[in-house]
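Going by Swiss-Prot, these are the annotated features:
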type: MOD_RES; residues: ALA2; note: N-acetylalanine
type: TRANSMEM; residues: 53-73; note: transmembrane segment
type: DOMAIN; residues: 97-311; note: domain 'TLC'
type: TRANSMEM; residues: 103-123; note: transmembrane segment
type: TRANSMEM; residues: 148-168; note: transmembrane segment
type: TRANSMEM; residues: 176-196; note: transmembrane segment
type: TRANSMEM; residues: 239-259; note: transmembrane segment
type: TRANSMEM; residues: 287-307; note: transmembrane segment
Amino acid sequence: MAAAAATPRLEAPEPMPSYAQMLQRSWASALAAAQGCGDCGWGLARRGLAEHAHLAAPELLLAVLCALGWTALRWAATTHIFRPLAKRCRLQPRDAARLPESAWKLLFYLACWSYCAYLLLGTSYPFFHDPPSVFYDWRSGMAVPWDIAVAYLLQGSFYCHSIYATVYMDSWRKDSVVMLVHHVVTLLLIASSYAFRYHNVGLLVFFLHDVSDVQLEFTKLNIYFKARGGAYHRLHGLVANLGCLSFCFCWFWFRLYWFPLKVLYATCHCSLQSVPDIPYYFFFNILLLLLMVMNIYWFLYIVAFAAKVLTGQMRELEDLREYDTLEAQTAKPCKAEKPLRNGLVKDKLF
């Protein structure tokens, strides 16, 4: 795998479009692509897969081994670090049970987002400031730069682990089924975009999605720690409130503003300008649009959360996502537990 960055262009980056421009140009490009595809069908799909998909068996094996490694590492961290920490800090039982999951996800998303931010903002890759450049010089079977390949290995193996973890390790929640769909779609996007060498746009998607998960898990940890050892800790409560506001803002800005205007505009419209016969155009854009739909779905939880706060129905941060079915049927919280109704709105991302 090569380490060379994308070839720089002398032209000034194209200004980011408005929502209306993005929708109009993307629809026109997609319609033209559909009308010009005379041989679209399973035959073309099979030929495109055979000619343009490059994913070696050793790469798949390495991803599976890393997924097993994530699972083992999470178990070890939960057993030897997170649970003893919760016990030492004298967290409420419900909070102590949820701390390992949030702590684990915070560490992963913080590390991966920091790495992706470094690649996009600290190196010569122009993809964040010039999203159409993700398709400049694209070639079928081109070498993947080693630093982007590392990001793909981390993310792909983690989402493979996350499918297992959602079913067998995480608390079951209202949107866990949607979360499973999200993980499957994300893993399919990661594997296929790597195979078809759309890794540049994948790096941008990683960056735009992981930042909100960092804030979510950090905020949830402060919610768990704000009432511990029989006392209320105002600092953690303040940080949780500020983190909630920051999370809501970043969710909209990164996933509902930048994601469609940078990523979807580049994949739906600009891709055909750079590579008129780009393979699997509709397949990838349908998956990315499905990801956008799920982002909007979770944003509805955020709106419901904000509405409860603004109307005074909620005096403490309450989890609109987290719930345990058995606990909901049997548990009756005591007075000391009421200020600890915790959580936020959503749990991750591509």
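Placement of Cβ uses the backbone N, Cα and C atoms for every residue, glycine included.
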Against which stretches of its own chain does the transmembrane segment (239-259) lie, if we need a Cβ under 8 Å and a gap of at least six residues from its ends?
205, 208-209, 211-212, 215-216, 218-219, 222-223, 226, 292, 295-296, 298-299, 302, 305-306, 317, 344-346
Can you find at least 3 Cβ pairs under 8 Å between the transmembrane segment (103-123) and the transmembrane segment (53-73), where each pair is 6 or more residues apart in sequence?
no
Return yes if the transmembrane segment (53-73) and the transmembrane segment (176-196) have at least 3 CB pairs under 8 Å (sequence gap of 6 or more), otherwise no.
yes
Non-local residues, at least 6 beyond the ends, that sit with Cβ under 8 Å of the transmembrane segment (176-196):
52-55, 140, 144, 149, 152, 155-156, 159-160, 162-163, 166-167, 170, 202, 205, 279-280, 283-284, 287-288, 290-291, 294, 297-298, 347-350
Summarise the model confidence on the domain 'TLC' (97-311) as a single mean pLDDT, whole number.
93
